[in-house]
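Taken straight from TrEMBL:
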ACT_SITE  Asp637  active site, proton donor
BINDING   Val118, Arg125, Phe126, Ser276, Arg313, Pro541  acetyl-CoA binding site
BINDING   Arg340, Glu432, Gly457, Phe458, Leu459, Asp460  glyoxylate binding site
DOMAIN    20-69  domain 'Malate synthase N-terminal'
DOMAIN    160-235  domain 'Malate synthase G alpha-beta insertion'
DOMAIN    338-569  domain 'Malate synthase TIM barrel'
DOMAIN    598-679  domain 'Malate synthase C-terminal'
MOD_RES   Cys623  cysteine sulfenic acid (-SOH)
Amino acid sequence: MQKTTIKHGYQVAGCLFNLVNHEVLPGLNIKAEHFWDAVAEVLTEFTPRNQQLLATRASLQAQIDVWHSDSANQPFNQERYELFLKEIGYLLEEKADFTISTKNVDDEVARIAGPQLVVPLMNARFALNAANARWGSLYDALYGTDVIGDDNGAQQSKDFNPVRGRRVQAYARRFLDETLPLTSGSHIDAVLYHIINKNFTVTLFSGEQVQLQDSEQFVGYNGATDAPTELLCRHNGLHIEIQIDKDNIVGKTDAAFVKDVVLESALTTIQDCEDSIAAVDAMDKTAVYRNWLGLMKGDLAEIIQKGNKTITRTLNPDRSYLSPNREKISLSGRSLQFIRNVGHLMTTDAIVNKNGDKVPEGIVDGLITSLISLHDLNGNSKFKNSQQGSIYIVKPKMHGPEEVKFSHDLFSAIERHLGLAENTIKMGIMDEERRTSANLKECIRAAQTRVAFINTGFLDRTGDEIHTSMLAGAMAQKEWMKDEPWIKAYELRNVRIGLQAGFQGKAQIGKGMWAIPEQMSAMVNSKIAHPLSGANCAWVPSPTAATLHVMHYHKVNVQAVQNAMQAEFALPGAIDDLTDLLTIPLLKNQAELSAAAIQKELDNNIQGLLGYVVRWVNQGIGCSKVPDIDNVARMEDRATLRISSQHICNWLHHGVISESQVHESLQRMAPIVDQQNSADDGYIAMSSDLENSIAFKAAGELIFQGKEQASGYTEPLLHKRRLEVKAEYLS
Ligand SMILES: CC(=O)SCCNC(=O)CCNC(=O)[C@H](O)C(C)(C)COP(=O)(O)OP(=O)(O)OC[C@H]1O[C@@H](n2cnc3c(N)ncnc32)[C@H](O)[C@@H]1OP(=O)(O)O
Ligand SMILES: O=CC(=O)O
Ligand SMILES: [Mg+2]
């Protein structure tokens, strides 16, 4: 590939160089030479520090491994263990209280609680859909999922099923009763929605005219006051739009001609450059950056086929209404976009140094994604992402405060070189590594002027839990992990520390992903736990999930929950949750575990692992829906792969399973996975030639070399094998 040499002998891959020079820089008032000089300076300054951080990770892990292997530390003593973690600098001293000072944070982050959607940025079709998921049809979300039952003739069918439709309408009316209660009666009995004397008015079946209990909830409308087409209300800071159309197929079946209830849904979206994508070389990275550019310039477009229709998907425009006083109001049609950069581990060939070594990918991500975001800040797009002029970068997989400080300093350097005010770049700190959870307060302190979120619930966090204590003993079964003391302490501590650091009104405290994308009924029943825990956002895997999850933020006033929690934390008496957090989740019932239970755990892990890896390595798909052993479709990404591979490694190491058992399971599961993918034309089967299947080899390596992988991460092996596939089949 053609390369261009820049300052200090760095060489930039042609595809990235051209993207920046010909597509990114025009309109930014930054000269190419200035930018590439900045790249060279930042890489020169930060690469050695990045490498040092990785060396520290390795050294700490090596010391932990030795400690667990040392017979002098048997039987295990928690107090001695914690002392040891302090001695080696894994556990740091917590310093005085402080309050974060992050400024210019958009309301969607600081003040309004709601769903956060995550999307693989490499897929423009999905990325656009996610940006547009700010507003979602409640009717579609209910009709198309398992939230409402399909009994008594209410099943989904190709054509509109009016029985199911009525069930959707009834559900939505109950939701309106809960969120927009009337002075008397129920939305269920509405026969006319209209506006009288600037008031939202409902004429009921009885002929009675009623208003909203809280008239302030009515904020806008479209159409005539006696026959509005849209009525806009707000509850807990979130908008609800009632759409009326007597000619619509659904509207005409409704006594008040309501055609839909549209909910403000994904307030924020994380466009992901990390674990949900497979970007292994300069070409892939450039494609991902180009999609971000399209989002920031507002011109991303994707032609898609829907049945026999071809449509061009673009970003949705803002939504306009008249206020009750007939003033024009406008609301964003798109969710606020964050971008998740990669962490500190990987390197990329998009830029190599003078020796030909790849440079840290996280540094390149920081530089290029910030540069691209200037289009939003400079007003070069017909849309506005951040009204506050901020750039939101999510930093994953950071281990402890030193690593957060590194990202903070990197962002400061990028700001200086791009002529941005200090702290323009906001940082989302993902609490997904054990050393970050254990030192969270100090991690936040390290980025206290720019932190925009902390969040938990992470799958990576479980992977790190297993890897860190790999030699301590066999781990609990995957499903049982959820009931372990460490995870409960992790969830609660994160909210407590965030609130005590003054996050309320300034930044998000978030919760993790709903990883069973097709079980929306279960999500509606259980994900209310997230706002109830004091979190003002939580991750969802799809726009539909966002529209359903937002109902929880109508049911729960997160600010009130946070106020109650703060009052509780202020009560006298120190809170000691660190020991729970550091309690290793070992298997307690190994002797009682039946051979069948062990086999099921192994097969389940192998099926998920193979199902994910084969699509990643052969097709470059970074996030997949993969059936588990019980045929439940699970969202799998690199973090879930980290868990399953590390779990198998751990059981192998401690003799719960044998090597031959793993091989047998791999061979038995491969044809099952092939069968599950048989409808996919682009799929390359493994089982026809297991010995030579690159994906199958990758799966084996992730298990048999998993113990030696840095922090148990899966990307080095995945990248290596994907590059091999690209070289063999796609070059
Ligand atoms: C541990 C972590 O790091 S979690 C964060 C990483 N995980 C994620 O980002 C998960 C994001 N979600 C996804 O990638 C997908 O939803 C998957 C892989 C789970 C399922 O994908 P699929 O099997 O293709 O979904 P499915 O067929 O049910 O739906 C596809 C439709 O939903 C849309 N869709 C699905 N997920 C998303 C999403 N996250 N954002 C926007 N649109 C989405 C697609 O655009 C498509 O609609 P379209 O035809 O109108 O374009
Ligand atoms: O990044 C998300 C996770 O679950 O890990
Ligand atoms: Mg993660």
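The first residue you see is number 1, and the count goes up from there.
Heads up, the Cβ atoms here are built off N, Cα and C, so glycines get one too.
Note that TrEMBL annotation is computational and uncurated.
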Cα within 10 Å of Glu432 (glyoxylate binding site) - qualifying recorded positions among Ser276, Arg313, Asp637: none
Contact ranking winner - 20-69, 338-569, 598-679 against the domain 'Malate synthase G alpha-beta insertion' (160-235), Cβ under 8 Å: 338-569
The domain 'Malate synthase G alpha-beta insertion' (160-235) - residue tally per DSSP class, helix then strand then coil: 24 helix, 34 strand, 18 coil
Binding-site residues: Arg125, Arg313, Arg340 - member with fewest neighbouring CB atoms within 10 Å: Arg125
Chain-mates of Arg340, Glu432, Gly457, Phe458, Leu459, Asp460 with C-beta within 8 Å of site centroid, glyoxylate: Asp275, Pro396, Met430, Asn455, Thr456, Arg461, Gly512, Met513, Ala639
Secondary structure composition of the domain 'Malate synthase N-terminal' (20-69) [DSSP: H/G/I, E/B, coil]: 43 helix, 0 strand, 7 coil
Those binding-site residues in Ser276, Arg313, Arg340, Gly457, Pro541 whose CB falls under 6 A of ligand 2, listed in sequence order: none
Binding-site residues whose CB lies under 6 angstroms from ligand 3, from Val118, Arg340, Asp460, Pro541: Asp460
Residues satisfying Cβ distance under 8 Å from Asp637 (active site, proton donor), sequence separation of at least 6: Asp275, Ser276, Leu459, Tyr612, Gly622, Cys623, Ser624
Neighbouring C-beta atoms (10 Å sphere around the C-beta of Glu432 (glyoxylate binding site)): 26
For Arg125 (acetyl-CoA binding site), the three-state class that DSSP assigns: helix
Most distant Cα pair in Å, residues Val118, Arg125, Phe126, Ser276, Arg313, Pro541 binding acetyl-CoA: 21
Nearest of the binding-site residues (Arg340, Gly457, Phe458, Asp460) to Arg313 (acetyl-CoA binding site), judged by Cα-Cα distance: Arg340
